[in-house]
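Below you'll find the structure, written out as structure tokens, and then a few comments.
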Amino acid sequence: MDSSVSGDTEAQSSGDASSKRGGWITFPFMIATLLGLSVTSFGWVMNLIVFLIEEFNIKSIAAAQISNVANGCLSMLPVVAAILADSFFGNIPVISASAFISLLGIVLLTLISSLDYLRPRPCETGSVLCQSPSKLQLGILYTALALVTTGAGGTRFTLASAGANQYEKPKEQGSFFNWYFLTLYAGAITGATAIVYTQDNASWKLGFGLCAIANLISFIVFVSGKRLYKHDKPMGSPFTSLIRVVVAAIAKRKVVITSKEEDYYSGLEKEGKTLAAVPSKSFRFLNRAALKTEDDNIWRLCSVQEVEDFKAILRVLPLWLSIIFVSTPMVMQTSLVVLQALVTDRGLGPHFQVPAGSLQVIIIFTACIVIMMNNWLVYPTYQKLTHKSMTPLQKVGVGQVLTILSMALSAFVESKRLKTVENEHPMPVLWLFPPLVIVGIGEAFQFPANIELFYGEFPESLRNTATSLTSLVIGISFYLSTALIDVIRRTTGWLPDDINHGRVDNVYWVLVILGVLNFGYFLVCSWFYRYRNLKDSDQKQDQKDVTN
């Protein structure tokens, strides 16, 4: 009895201590950590193609493919980190471990750029014969890239959810998210400009060294605030219920489906709201998972709500594929534009040369401005004119159209650049700016809308994972773009190592054609799609507007 009382007292004191954690006192620690890690990750990834070409004598197209693989991992790993945090370890341990792994990777990159024997000898001036990197040198390089990629992927989205978890009120959580994206973009712009400029004009050693310092400071800051954080408890895998739906439906595949409410397991009421009692008619095969039978157990019976949650994911999948197919040309363009920049006149004035790896900051900067304009001007104006809010799919559609236009403009610019090569007068790098601006405008519509779509349509138990699905889309797109580049190289002569003797403009036209076909597919999917939660949220907003 004494031990029971002691245990209860200990649990209560632990709960009281936990309740005092969190709040705005954790804000400086979270934001400082995010800023340093963002500077680090964008500082090495933005100029990776140039680093591979100049320091490892890797051919330009091969360097672009390696960069795509690294970017793909960087975008896909946040989903793995989110699952590990939700299911097993919690956000804080995952962030701590990932920040340390990132530190090991960036320190190794700094050593590679500092020690000559870790890199092949530089190419002789005017010579086309260059020493290839040894297997040991490539092994160390790939190890460093694996570490920095794993570390960056493990912190990017887990920091967002960990920071929001420190607050109780939705308004405070929304305020944190605004600061989160602002800090993320600030770190990206700093890494893509200041760090890349240092790498190109001072030394790679100094550039990577600054990244290592930023990473080290971030790690120390985050760990020092650990006692102040509110630690979330792992709730088990959110995918278990989804797997149970499939298993139960298959196990009861011979059971006759009925429409009687009493034949289905409706589950319990949740937060005062009665859950669905009868499953919908779509994907009727899955309805068997909620049918009550005599041999039911945890793997043979699911609630109607669990069945409907699984159906919601199935409905989103066609749209998710469309978003992957439109993202592939976008990430392919970001690689090709670096190669284009390397063979243009990048001088702005007598003393400044635009780093090729920094061109992508134009996309980020444009997206920042347009996102703010959309929230403050475009979307409110649209709502006043049409008396309805722009849906997530409408926003994605606008973004897809702009992406196609940017590819077409890139094709025209590349055609003009090839003509300047014939005249032996390099084209000014400013010609590459307009297509990137249009890409940034398109991202400003698509990126937030993708998160809005996934977060609103996915089950509540999967919403943390849903917010990282946009990152997964980008990751898959990088791998698809790598495969597409390989196919084009094998079947055409458009992408030689020296793009001055290729036809990159034809590659862009292929992307335009693929974009148009994908947009048609997207329109069909959007036409048949029915929102799961949008109608209810619109009704609540209308009631709020009437009240106000």
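Heads up, the Cβ atoms here are built off N, Cα and C, so glycines get one too.
Over in TrEMBL, the protein carries these features:
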- 29-53: transmembrane segment (TRANSMEM)
- 65-85: transmembrane segment (TRANSMEM)
- 91-112: transmembrane segment (TRANSMEM)
- 179-198: transmembrane segment (TRANSMEM)
- 204-225: transmembrane segment (TRANSMEM)
- 319-342: transmembrane segment (TRANSMEM)
- 354-376: transmembrane segment (TRANSMEM)
- 433-455: transmembrane segment (TRANSMEM)
- 467-488: transmembrane segment (TRANSMEM)
- 508-529: transmembrane segment (TRANSMEM)
Contact ranking winner - 29-53, 65-85, 204-225, 467-488, 508-529 against the transmembrane segment (319-342), Cβ under 8 Å:
467-488
When counting Cβ pairs under 8 Å to the transmembrane segment (467-488), the leader among 29-53, 65-85, 354-376:
65-85
Tell me, please, if the transmembrane segment (354-376) and the transmembrane segment (204-225) are in contact, taking contact as 3+ Cβ pairs under 8 Å between residues separated by 6 or more positions?
no
Answer yes if the transmembrane segment (204-225) and the transmembrane segment (91-112) have at least three CB pairs under 8 Å among residue pairs 6 or more apart in sequence, and no otherwise.
yes
Residues from the same chain, set at least six apart from the ends of the transmembrane segment (91-112), whose C-beta lies under 8 A from its own:
33, 37, 40-41, 44, 55, 81, 84-85, 118-119, 140-141, 143-155, 158-159, 161-162, 165, 205, 208-209, 211-212, 215-216, 218-219, 222-223, 226, 229, 231-232
Hey, which bits of the same chain come close to the transmembrane segment (179-198), Cβ under 8 Å, at least six residues off its ends?
27, 31, 34-44, 46-47, 156, 159-160, 163, 206-207, 210-211, 355, 357-358, 360-361, 364-365, 367-368
Residues from the same chain, set at least six apart from the ends of the transmembrane segment (433-455), whose C-beta lies under 8 A from its own:
316, 319, 323, 326, 330, 333, 337, 359-360, 362-367, 369-371, 374, 392-393, 395-396, 398-403, 405-407, 409-410, 413, 463, 466-467, 469-470, 473
